[in-house]
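Straight from Swiss-Prot, the features:
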- C29, C209, H234, E238: Zn(2+) binding site (BINDING)
- K270: ATP binding site (BINDING)
- 31-41: motif ''HIGH' region' (MOTIF)
- 267-271: motif ''KMSKS' region' (MOTIF)
Amino acid sequence: MSLRVYNTLSREKETFVPHKAGRVGMYVCGPTTYDYIHLGNARPLVVFDTIRRYLEHVGYEVVYIQNFTDIDDKIIHRAKEIGEDPIAMAARFVEEYYRDAKALNVRPATIHPKVSAHMAEIIAMIGVLVEKGHAYELGGDVYFSIPSFKDYGKLSGRSLEDLQAGARVDVNERKRHPMDFALWKGAKPGEPSWDSPWGKGRPGWHIECSAMSRKYLGDAFDIHGGGQDLIFPHHENEIAQSEACTGTSPMARYWLHNGFITVNQEKMSKSLGNFFTLREILKRFPGDVIRFYLLSTHYRSPIDFDDSKLEAAQKGLQRLRTSRRLIEEALAASGKEGAERPAGQREKLEEQWLAAKKGFREAMDDDFNTALALSMLFDLAREANTFLHGGFALTPEDRQLLLQVAETFEELAGVLGIDLAGGAAAADDNTVDGLMNLLIGIRAEARKKKDWATADRIRDGLKELGIVIEDTPQGARWKKA
């Protein structure tokens, strides 16, 4: 069976054929760095990390680009609220993102481009759109002319007549069309700005991803991913400006979108105030459990957040780890004592082992069905537990089969980014974070009481251990020197 993926652009499953045999170019929209990520933000991180892992597992070289939007209206607004420089605040939350991603065992992308480092590419792309008549300048702003792109709406299925209010639309009565969107925004006092042919300003939201994906993956690449909330207007506008600029269509061959995480059937979002930061959830559940929880549902299906489902994921992960441990213990034992094994038991385990490998591949080849893939691991674990129950003597053939089963557990779980060894490293990281937060709290209390000697002793002692405490208007934070 060949890999088939659901393509939002065609609204059907298609056989996956990359532009270049053996190589996949993938761009995924990353976070806007103005706050800690919430569970809804974490889902695409885990989903596309898993997709990348599987593509590499089956032999592809994957060039994975995930950006950081470090210039945006939300960043500027939040920075004003807390009295911090927007560029510095965005950089701080980039570092916090890396910590959260590590807790979920999300590997770094091949490249993590930042908007602030790609102004030349963004300005050049806007210039081409203006030259081709797809964009126009208006009092220091530059807008994309939606009617100039005849295929507008092909991703979301919306026509110009059907477009509704509620998207990120700039209100400007002078625009040629109400839905024309900003490529460049003229500078405002106190906001970050860059020089351009249209005066000082900063880029609009959509052009940023178009410029960065083009720089690192070219005019046409294989996979563009993100949450379903980005289909319109963000990804629709990306297609319009990219294809209008380059004349190449499609910009991305396959568009993949993960489903929402909901709370009481409403999308989890910062704007609705119904979100839980990943940091909050990590205080109750380890990162590997959260990852397991997110992969227990097909990536395109919604997940309604519920602690009981996280608890079920924790128990499920522990069952797999217990099975792995029992196999290890059996292989470590001499295996010479015990009654003779009932006839057909080894053959049954071997049959399940082969079925698990085949079923896992078929599940992942069917639009990355991680929920079904996990069920293959559970089926194998159940049969392995039955095989080991009863303390029967292990023949050399039994031991060889158990070794193969153990290797398959590790291999397939690894494809999903799940560590069956117990997540010791993640546990250690959580312990360190907890201890550091405790020490910072004690130091803050000492400073409040003007006990400078204790506060300085904590700071200096940590410095000797290679840990630096930084005091900021938002409180103390720590980092490795």
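Placement of Cβ uses the backbone N, Cα and C atoms for every residue, glycine included.
Using a 10 Å radius centred on the Cβ of E238 (Zn(2+) binding site) and all shown protein chains, the other Cβ atoms total 26. DSSP gives C29 (Zn(2+) binding site) a coil state; it is part of no helix or strand. For the Zn(2+) site, the Cβ centre of C29, C209, H234, E238 serves as reference, and the other residues of the chain with Cβ at most 8 Å from it are W205, H206, E208, S210, H224, G226, L230, H235, N237. Fewest Cβ neighbours within 10 Å among the binding-site residues C29, C209: this applies to C29. If you draw a 10 Å sphere around the CB of H234 (Zn(2+) binding site), it holds 20 other CB atoms from the protein chains shown.
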